[in-house]
Every structure is written in C-alpha cells, then in structure tokens.
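Some notes on the structure that comes next.
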Amino acid sequence: MERLAPAKVNLGLSVRFRREDGYHELHTLFAPFSLADRLVVEPVSSGLHFQGPYGRENLAYRAASLYLEAAGQPGGVRILLEKRIPEGAGLGGGSSDAAQVLLALQALYPAEVDLFALARTLGADVPFFLLGRGAEARGVGERLKPLALPPVPAVVFFPGLRVPTPLVYRAVRPEDFGPDLPVEAILEALARGEEPPYWNSLEGPAFRLFPELKEVRGRMRALGLRGVLMSGSGSAFFGLAEGPDHARRAAEALRAWGRAWAGTLGGGDAGSGPA
C-alpha cells in the first residue's frame, strides 16, 4: 500500500497566551500543501520493520508500534519511508508520516482503535493530518474544525536552516501574543486571490533567534508572491502565486538560495492517494 504524506502550512498562527501548564494557546489555520513524503506500508507475518531516517526514533515507527499494540498485535508490518519534506522547516513532515501510518494500518488491520487518541499522544499536529483537508485549530493544535479551503497556487521555500520548535516557543514574549485570527476574512481573501489578513506570532521570536530569516520575505515578495508568511515555527515560508506558471517561475528563482517547491495549498482531500 502506497500513501502520500503531505506537508502543511499555517495560514496564520496567533499565539494567544501562555497557559498554566506551560504550553501556549494557539489559533491557526492548517492547509495541506502538495509537497509530500512517500510511504509504502505492507503487511508481514510478524514484527515491525522500518526503513527510513532515525529508525525506531522516527515518529512513523512510533505510530506503527502504538497502533499494533492498541489493535492487539494482529500481525506485522514493513514500512518504507522516502522523505521529501525537509526537517526543521515547520511543514509537519514527521507528523504527516505518522498520521499516514496510522491510516494505513487501520486499513490493513481494522480494529476498534481511536486514531485521534493515538495521534494526540504522538504530537500536536498529527490529528490534523488524519483529516486530510484544511482545518481551524485551537489549543496546542489538537482541537480541530474542518475547513473548506479553495485550491491556491503557491510556493514553499526552505532556506536550509533547521529551527527547533521548542527553542522558538521558549523565545515567545508577551508582546508576541495576538488576538484570534479573522478566519472568514482570510477565507474570502483566498477565494478572491487577494492578500489574506493573517500573521504568524512566531515570526518575532524566530527572527530574534535567526535574523537571517528576515531576508526571506523580501526575496519572495520581489518575485510577485503575495501573503508571504513563515509556516509554523519556521524556517520555511510560503507565498501565494497568481497561477501555476507564476509559482513555477518563482520557485525556480528561489532555488538560488535554498529549496523551493511550486504546488497547491488547500483544496480537497490530501494524503490518501498513491505516490
């Protein structure tokens, strides 16, 4: 069984406040992006055989182990993971891989297992990737409301800098906190091809830690991309294009400074098809 594990971008991310448990309350819009890792998941008689980076420490391996245990060890599995989504980019690659493993194993070994409960133990972004579509998220990202997002041509750019998510959150200051995102206004702007009124509260701390990230927005805007924003805790940025050709030209130009992909964000189901 082959599955695609799509990347995500945050169409705005507002850090509302720091909670008593030490985590930050968030309000964000998740959108799948067409860049994807590739997974091959096959049943075997016994054991958990994983071929991919980090071995047993990989979130996809941990997801498989959790599911097989919860399902009563119905059989074994062999997993091949081909990484395309860069690490430390804020694109959710590891979380997406884990979600697709859970979905694949449920298809191979059906059982009364709460996938969302397992996903929450693996990471805050994993439940979103089970949905396979856009979503509004609150809490630390685990409280989800599905959203219908229009497909938008876009470019994702990774400058090659790995940014540890915990480091960015530790650098958040009270002045970085923001109000709820204007969800309806963002959706309307996307549908009309206009600049969405979103922001990312994590840009401030990320820019303080890594000042070189400030240059990225200017480079992308100079290529005619609109709504340029850092995704998650960085270091990847995305920008909205006028059309597929514009996206391809912009991505080609950006490859002089890092890795770039032209594709589509939002739209219909993501992650369910073959590679």
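Keep in mind that glycine also has a Cβ here, set from the backbone N, Cα and C atoms.
Sequence-distant neighbours of Lys8 (active site) (same chain, 6+ residues apart, CB-CB distance under 8 A): Phe30, Ala31, Pro32, Phe33, Leu91, Gly92, Ser96, Asp125, Phe128, Phe129, Ser231, Gly232. The feature active site is assigned by Swiss-Prot to Lys8 (among others), with a curator's inference given as support.
Among the features that Swiss-Prot reports, ATP binding site is placed at Pro86, Glu87, Gly88, Ala89, Gly90, Leu91, Gly92, Gly93, Gly94, Ser95, Ser96. Within 10 Å of the C-beta of Gly92 (ATP binding site) there are 29 other C-beta atoms, taking all protein chains into account. When secondary structure is read from DSSP and collapsed to three states, Gly92 (ATP binding site) falls in the coil class.
According to DSSP, Asp125 (active site) is assigned to coil rather than to any helix or strand. Per Swiss-Prot, active site is recorded for Asp125 (among others).
Reduced to three states, the DSSP call for Pro86 (ATP binding site) is coil. Within the same chain, the residues at least 6 positions away from Gly94 (ATP binding site) whose Cβ sits under 8 Å from its Cβ are Asn58, Leu59, Ala60, Glu87, Gly123, listed in sequence order. Sequence-distant neighbours of Pro86 (ATP binding site): residues of the same chain at least 6 apart with a C-beta under 8 Å from its C-beta are Gly93, Phe158, Ala236, Arg259. The ATP site is defined by Pro86, Glu87, Gly88, Ala89, Gly90, Leu91, Gly92, Gly93, Gly94, Ser95, Ser96, and by the 8 Å test on Cβ atoms against their centroid, the other residues of the chain that qualify are Ala7, Ile85, Ala236. Annotation: Gly90 carries the greatest number of neighbouring Cβ atoms among the binding-site residues Gly88, Gly90 [cut-off 10 Å, Cβ to Cβ]. Using a 10 Å Cβ-Cβ cutoff, Ser96 (ATP binding site) registers 30 neighbours.
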